[in-house]
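Colleague: Submitted below is the structure of interest, expressed as structure tokens.
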Amino acid sequence: MAGSWRARGSLVVLAILLFGCLFAISIAKEEATKLGTVIGIDLGTTYSCVGVYKNGHVEIIANDQGNRITPSWVGFTDGERLIGEAAKNQAAVNPERTIFDVKRLIGRKFEDKEVQKDMKLVPYKIVNKDGKPYIQVKIKDGETKVFSPEEISAMILIKMKETAEAFLGKKIKDAVVTVPAYFNDAQRQATKDAGIIAGLNVARIINEPTAAAIAYGLDKKGGEKNILVFDLGGGTFDVSILTIDNGVFEVLSTNGDTHLGGEDFDMRIMEYFIKLIKKKHGKDISKDNRAIGKLRREAERAKRALSSQHQVRVEIESLFDGVDFSEPLTRARFEELNNDFVQKDHGTREEAMEDAGLAKNQIDEIVLVGGSTRIPKVQQLLKDYFDGKEPNKGVNPDEAVAYGAAVQGSILSGEGGEETKDILLLDVAPLTLGIETVGGVMTKLIPRNTVIPTKKSQVFTTYQDQQTTVSIQVFEGERSLTKDCRNLGKFDLTGVPPAPRGTPQIEVTFEVDANGILNVKAEDKGTGKSEKITITNDKGRLSQEEIDRMVQEAEEFAEEDKKVKERIDARNTLETYVYNMKNQVNDKDKLADKLESDEKDKIESAVKDALEWLDDNQSAEKEDYDEKLKEVEAVCNPIITAVYQRSGGAPGGGSGEEDEDSESHDEL
């Protein structure tokens, strides 16, 4: 374990008596004995991705549709729950019951301005429950349920977990999950809770740009390099500047916006066309969820196409009132619509450069991450800023984050072997952490961009005579007054012996772990009495009881999903058998010429009856399909056996050794 220690002491004669000791510990290796295979999951706003380190390299795992990225969408129908492509593909016809962009809600409060803005843009219903945004949706049979953002995120995590399990052929319990570097404490805690609900031990939360840097730098040997990771995804944006030196990845600075990404670009296209439709047709479609769903789908397609074309035509059949929509969109118009977003991205980059203390010519590589970095204007502005320097194209922007997470997983599990044993991550706290002191002042204990894990203690004193309770209010943010920062939580240290103001000594300790999550402790140095919290309910985190309930419900959903799949499989088995029999009795090369007329009549009658039954019983249970299959087999199988026996034990007649193989291949 490598460590660096710094200490300083000072005395402030106002409201605060100050004594500080700061240390940062960098962990090269984790205790890996208790972890199995640790997968890496990029839990994205619009798409998610999963990887695993196996046989000396990272495998990015394709889902059951053959795609290496999975839409972060969840849908509910009267019959089942859908996740991924299946959910996204039915969104236009089922908008109120299809949930997406939940990463923009996780860890936030209902009254946050971003949540209030998003409520107007999504077709599903967001409601206030205990100050948190919950999603209200009809799940089945008219039953309405509210889900926390953590529960919906857990459903996506379960999908990624199952994708990995299908590939690896074993159960997975451990994962590294990535978050935007600029996610605050509440958002990180909520992401960890989502993992618990999904039945995962989240072995580590790591920052997306840091994970992408691993993907870039894993095989890079040689001297020190400064890299800038520009991560513009579907819903969030980060810039991180790192130094890479022979496997040591040290984050120098990070900056970002947890509510800026490709979804915002799509929305600008949609707003443009909504205004155009109103002007041309006198119709406001903004409250028509189906029309908006269709428009959202085509806006995303148009945006993607404009990365390689200068003009696209957006065409939607019967968008509203039977009216077909067809309008051109040029790249120039798209860039104009989103100019303020793109400029904001590059302002964030300049702040990160300033915090890192580097000049433009000291950046050796620019690594692009996230699908939105494919936008030509984004790339052009980066090139212009760095005096014509081309961004590195060697990293897949959709997969780099999951790739790096999988490498980190292999380090934690010990399965990375020689290839990963020398990798060391030194990440940072993205936001300044502190407490409120007299006058609403934000007294900073851990400055932003401090290497984590880290610990800092300061001694405070009382403001009033005979004060017996000290309230500790914890904040994060960069402003000098707490009213302009985010309140993470509050707790009281009681039982302080009455004394004149300035006499008691209350030591407050802030500790940020390797996940970027904060623990706070306050201790009365005179009595030894202490209180501590991992900031919880004050910031809207789920209680342990809520998490336990959600874990139980997630398991129940998984059981229901299993039953739905078994029912579909049973129906498919019956249908396949029946259609196979129908084809066999009508094919001269198979059974048609070998059946007696009464045998053919019996099979055809059984097949006709089964097909009619299937039409009349679309939502039968698995047991019903199994029973029906047995009925049909009871009629058909004895006849098929008799036919084979008449023709010498093999279909098509003849006998002898040369036919033995064909017999085994043609069993019905």
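Counting starts with 1 at the first residue shown.
Each residue, glycine too, has its Cβ placed from N, Cα and C.
Quick paste from Swiss-Prot:
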| type | residues | note |
| --- | --- | --- |
| SIGNAL | 1-28 | signal peptide |
| BINDING | 44-47, LYS103, 234-236, 300-307, 371-374 | ATP binding site |
| REGION | 132-287 | region 'Nucleotide-binding (NBD)' |
| CARBOHYD | ASN617 | N-linked glycosylation site |
| REGION | 644-668 | region 'Disordered' |
| COMPBIAS | 656-668 | compositional bias 'Acidic residues' |
| MOTIF | 665-668 | motif 'Prevents secretion from ER' |
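Show me how these features fit into the structure around them.
Modeller: DSSP classifies GLY44 (ATP binding site) as coil under the three-state reduction.
The Cβ of ASN617 (N-linked glycosylation site) lies under 8 Å from the Cβ of ASP624, each of which sits 6+ residues away along the same chain.
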Colleague: Under a three-state reduction of DSSP output, how is THR373 (ATP binding site) classified: helix, strand, or coil?
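Modeller: Its secondary structure by DSSP: helix.
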Colleague: Pick out which of the binding-site residues SER307, THR373 has the most other Cβ atoms within 10 Å of its own Cβ.
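Modeller: When each Cβ's neighbours within 10 Å are tallied, THR373 leads.
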Colleague: Given a 10 Å Cβ-Cβ cut-off, pick out the one of the binding-site residues ARG301, ARG304 that has the most other Cβ atoms nearby.
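Modeller: Checking each of ARG301, ARG304, the winner is ARG304.
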Colleague: Using DSSP with the three-state reduction, classify ARG301 (ATP binding site) as helix, strand or coil.
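Modeller: The three-state answer is helix.
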Colleague: Which number gives the other C-beta atoms within 10 angstroms of the C-beta of TYR47 (ATP binding site), all protein chains shown included?
Modeller: 23
Colleague: Going by DSSP, give the three-state secondary structure for GLY235 (ATP binding site).
Modeller: coil
Colleague: Using Cβ atoms only, which residues of the same chain lie under 8 Å from GLY235 (ATP binding site) while being at least 6 residues apart in sequence?
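Modeller: Spatial neighbours, sequence-distant, of GLY235 (ATP binding site): GLY44, THR45, THR46, ASP101, LYS103, ARG104, HIS259, LEU260, GLY261, GLY262, GLU263.
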